[in-house]
10 protein chains.
Amino acid sequence: MISCREDVTKMILSAKVRKGIKWRDVTEATGLSKEWTTAACLGQMTLTKPQAEAVGKIFELSDEAIAWLQIVPYKGSLPTAVPTDPLIYRWYELVNVYGTTIKELIHEEFGDGIMSAIDFSMDIQRTEDPKGDRVNVVLSGKFLPYKSY
Amino acid sequence: MISCREDVTKMILSAKVRKGIKWRDVTEATGLSKEWTTAACLGQMTLTKPQAEAVGKIFELSDEAIAWLQIVPYKGSLPTAVPTDPLIYRWYELVNVYGTTIKELIHEEFGDGIMSAIDFSMDIQRTEDPKGDRVNVVLSGKFLPYKSY
Amino acid sequence: MISCREDVTKMILSAKVRKGIKWRDVTEATGLSKEWTTAACLGQMTLTKPQAEAVGKIFELSDEAIAWLQIVPYKGSLPTAVPTDPLIYRWYELVNVYGTTIKELIHEEFGDGIMSAIDFSMDIQRTEDPKGDRVNVVLSGKFLPYKSY
Amino acid sequence: MISCREDVTKMILSAKVRKGIKWRDVTEATGLSKEWTTAACLGQMTLTKPQAEAVGKIFELSDEAIAWLQIVPYKGSLPTAVPTDPLIYRWYELVNVYGTTIKELIHEEFGDGIMSAIDFSMDIQRTEDPKGDRVNVVLSGKFLPYKSY
Amino acid sequence: MISCREDVTKMILSAKVRKGIKWRDVTEATGLSKEWTTAACLGQMTLTKPQAEAVGKIFELSDEAIAWLQIVPYKGSLPTAVPTDPLIYRWYELVNVYGTTIKELIHEEFGDGIMSAIDFSMDIQRTEDPKGDRVNVVLSGKFLPYKSY
Amino acid sequence: MISCREDVTKMILSAKVRKGIKWRDVTEATGLSKEWTTAACLGQMTLTKPQAEAVGKIFELSDEAIAWLQIVPYKGSLPTAVPTDPLIYRWYELVNVYGTTIKELIHEEFGDGIMSAIDFSMDIQRTEDPKGDRVNVVLSGKFLPYKSY
Amino acid sequence: MISCREDVTKMILSAKVRKGIKWRDVTEATGLSKEWTTAACLGQMTLTKPQAEAVGKIFELSDEAIAWLQIVPYKGSLPTAVPTDPLIYRWYELVNVYGTTIKELIHEEFGDGIMSAIDFSMDIQRTEDPKGDRVNVVLSGKFLPYKSY
Amino acid sequence: MISCREDVTKMILSAKVRKGIKWRDVTEATGLSKEWTTAACLGQMTLTKPQAEAVGKIFELSDEAIAWLQIVPYKGSLPTAVPTDPLIYRWYELVNVYGTTIKELIHEEFGDGIMSAIDFSMDIQRTEDPKGDRVNVVLSGKFLPYKSY
Amino acid sequence: MISCREDVTKMILSAKVRKGIKWRDVTEATGLSKEWTTAACLGQMTLTKPQAEAVGKIFELSDEAIAWLQIVPYKGSLPTAVPTDPLIYRWYELVNVYGTTIKELIHEEFGDGIMSAIDFSMDIQRTEDPKGDRVNVVLSGKFLPYKSY
Amino acid sequence: MISCREDVTKMILSAKVRKGIKWRDVTEATGLSKEWTTAACLGQMTLTKPQAEAVGKIFELSDEAIAWLQIVPYKGSLPTAVPTDPLIYRWYELVNVYGTTIKELIHEEFGDGIMSAIDFSMDIQRTEDPKGDRVNVVLSGKFLPYKSY
């Protein structure tokens, strides 16, 4: 009995290691970005029926698991409020160190409002650099203004 | 008596509102990016003597305050581990929802290691869009590999 | 020296009690809803110059305080993550008890996405009822869909 | 052996996905609002015997599970004090940003007391809007005054 | 400048010690129970104008402070979620040890609902006992049923 | 293998629902108050051998489970420091709102010390009331004075 | 204006350093144990009038401060739930490492109940030891049994 | 498969109840104090091979479990930072109420340093007392001085 | 089904005790430092295929488990933010007591930046000492400077 | 009025920036290591009279402040349990990632016990390295064994 999306995420992660699947292989099957596809496999996004079936085929999931991939999950991928994993912590640190800076600069440019985390996309790329390759990330979020009413 | 950098940040914020200063004005004075300059004024980065004096002139700071701007601050700009401000929370949410995704994709591309939050730069830009302008952010961090020893 | 919006909120609250001002008086001055106006006075929204001046006149604020009302505040009005005040706690309880219900029903109707807390309005009304008057609240938030990319 | 209501909630959620049941189907069977019915299925409300049997029939529950649906549950549907799921977080954010505003306006209208979360109902509706459909929620709670004694 | 009820509570506590006032003296002035009167002086209840003036006279409060006593306070009298003071902790312990028992017995008697903490009164009395005097407390709260809708 | 009292509590709760047992039935078997008996069944008190056997007979427990009922349990019945269940939360709220009041009044009457939560009894009764029946609770705890040494 | 006992504790600590007072000097003035006397000066116990006056004389306290020493304080001397100071942490560690052991042994000897922290005394002594002097602490607390009712 | 010491602790506790073993019986087998022996059985200390075998014989443990008893455990016996069990809480309360007192008196006697929780022993005894028997606990820890370097 | 690295860590720890393996035996097999090798076995580092096979042979792991050893783990080895185990706590205490000192001295020597925890190595050695042997630890981390941009 | 060591730490930090003092200057005056001296100035260690006077002279402290430097402080230099400052966080991360590794290796070498954080010294040095200079830290702590009793 599968009773939450997390059960399916565990099946996917288990199959991924057991069968040596790469996220880029999954991306080819869905025809979507590697960021969105991976997030969906990790239980953060909702797949359409064809997407879920494509993912299910790769990871050899049961029909029940494939059905769960089409259900909106309870989101949030981290086990603690402050992440302990060093790679993810660095992102938390950016938010902590630069948080007020980001806030000030977006407000100076756009006024009061937020950068959407829903109407949003992310692109992670490797950039070669003689001093050590870099991770380049482009985040794009619609600005949503607060308005008086 | 000034006993921590936060006292100086408060002076800067107070003068900024009182005198109607924009961060872009400060950026011109330092000749550096708006992101780094703002972070420095908000108590997260360390200024050189000329930078501190330029900033001090704009915000009419005392010599003591200018000296503090050249001292490495205790970093972290948020009052709570999970930020309550909606704009900053959206960034925390990105880390929470996409955290494991970012981790998987960087590791698939680079192997074990992290994206540096120190050898790092950020660029925040407005992109016009007929469906609503977007905030575009480019993050660039050196990849630092874990190595066995 | 005013160094954060909270200082201005305290001035407003102090003047409100000292002078016996009602929120509805402030609402008349701004010409906006009582909900938005009150939230702005309590340090959660950003006022335009005329709005800030109208509010400043009512509460006899200094020019510096009026300038701060036009600055985007660091939002979040509660001192603890779980509110201790009984009236506000009941709202927290609603989110806790009905949170998954709200999530299920919005997703069943709209698919994956959120109800915006930015493109949002709230209207609080008294409804007379022989068994005891009721508080009626209408919340309206734009649905923002997650889309694959 | 079933030893808490949460076990039954998991059975319901599992059957719901496996059999493609919609909450509106369940609502028809109970003859009650979709909000209350869903909350009950998610382990937050107590069903009468006929309601429990109707629900049990839809989800093919055992007699033991149906008996549990008639037991008052330990309420609270969220795994963390501050919810990580973006949809539910937006509601937490509303309470955080507007909490003091709601408090002020209800007290200005009614005096000291609370808006009941028990003698309470909720109605969630879709409103079509050319700029993007909206979620409209009507909350109705009896005002309960504090009285001196 | 007084900007929150807590400032007035401090004035009352300071005057109480300085002038050797007893809560029972204050109770006589308000004509209400010692429990409600004390809670009001400690910033948890709202006084009417005559009550506030009577209290103000006893503690020699300013008009501004007396005005604050008539404003609904942000309630919650404890500095930490789990109280450190031994007397108050014992009450927290009772809720922790007997919490599920209280829940079971009230539900067995009344069905689903709560015992109101608003339509509520408390009476604390000393009972002489040869084995050591006892504190006897009578709590009375209206039962509020959850109803389906 | 039973390795903690909580395992036995789950067995009792499961049998209670499965067999439709009422706490008052258990009370008759033990000959003690319904409050103490229920607390014991919920894993907060220690039963004597005859009491444990009487309880074991009602819930059809194994000898091993009956042995565990005679072992002093690790007490505390709530899963979180601040309870999420509305009925239990109301009690937490009483401690939070009235905590300092209770402290002041007991100290004014008895001097420094505490109201015991060990040499303690509780009696929960329904009181009929035309405006809605009430839950009446009598708490009785021995006063234990701090003494200098 | 003194509004809480903590203000008086600060005065005592300040005078103690400024005037080079030892706790043993204070103990002589009160005629009580050094443990109780020190705890009282640190804001955890309530002094009688003569004791308060003796303490006040040593630390040159105002009459207002001396009055506060006779008021039951809000107890708890640590700024965080888990103490950061190494000496105090070792005690917390003892409770954490030996907590279940202490519980088992007291219950095996006495049955269900607690060791009182109110009817309690503590004696801290130095014991010479060639391998390094030792701190010897004797704790004595009355056993209080839980009884059924 | 046993993968942590906690699994063995559960086996011991289960066998203890099932077979009616007393800690004093175990103590006789190890020839050590009841405090250390009990702590070891509860997963806080490391046994030698003969001690582990003696303990294993009493509780009928497998060879694998006996091997685990000889492995240094991850110490800490409490499920929450602030213990909920009343007996253990009283000890936490002592640390909280008397923490700064203990610190002051040890420092006055010994200077800067700590009382060791490693080079440490504890002895818990019953003392008869006509007013109610007492728990007497002697703690002995080596004083470890901080030294400059 | 293995679904996270923690499952493999448990297998390793279980086999280690069952078969009496020492970390130094594992170190010989990998040819790397004992610190890195142990951290890898405890689920904190990523092994190459030959290293994973060598480790797998020692602990008799399945092919699936060996595959997991080559996957970058979610790092963080402690169950609570503040560790309860005395040995590990001492390290937390060092960071807490000496944290600002380390920060000041590194900044005085190097300017603003950090000591890397990624380009890092650790060496733990026993040093004989007549007053008691010592643990000597050498930590070496690359200094990474913050630079303006 | 100085009422805690933290007040003196603030005076020292303020004077340090105002007068451009380096920690190495202070070290020369005390004749002790830079690590211990800095920790003492930051409120973590206790100075002798001559050391306090030397430090007081450098920072132009009052006699009262110099007296406080000779009082054992309440230790702990970080404002939050998990440090937000990136440099200090890296050390917390080391404890988190390597914590169980350090524990295993010390126990394998020494048996059960701890590495003392009291009988302890630290030496921080710069090591030149063509790939980027390194911070080298040597920690030396006496091993303290747990012994049975």
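Glycine residues also receive a Cβ, built from the backbone N, Cα and C atoms like all the rest.
Residues annotated as active site in TrEMBL: G:R90, G:E93, G:S116. Per TrEMBL, the feature domain 'Cyanate lyase C-terminal' maps to G:77-149.
G:E93 (active site) sits 20 Å from G:S116 (active site), counting Cα to Cα. You'll find the Cα of G:S116 (active site) roughly 21 Å from the Cα of G:R90 (active site). Considering other CB atoms within 10 Å as the measure, the emptiest surroundings among the active-site residues G:R90, G:E93, G:S116 are those of G:S116. Listed active-site residues: G:R90, G:E93, G:S116. Those with a CB under 8 Å from a CB in chain I, in sequence order: G:E93. Chain F comes within the C-beta cut-off of under 8 angstroms for the following of the active-site residues G:R90, G:E93, G:S116: G:S116. Under the DSSP three-state reduction, G:R90 (active site) is assigned to helix.
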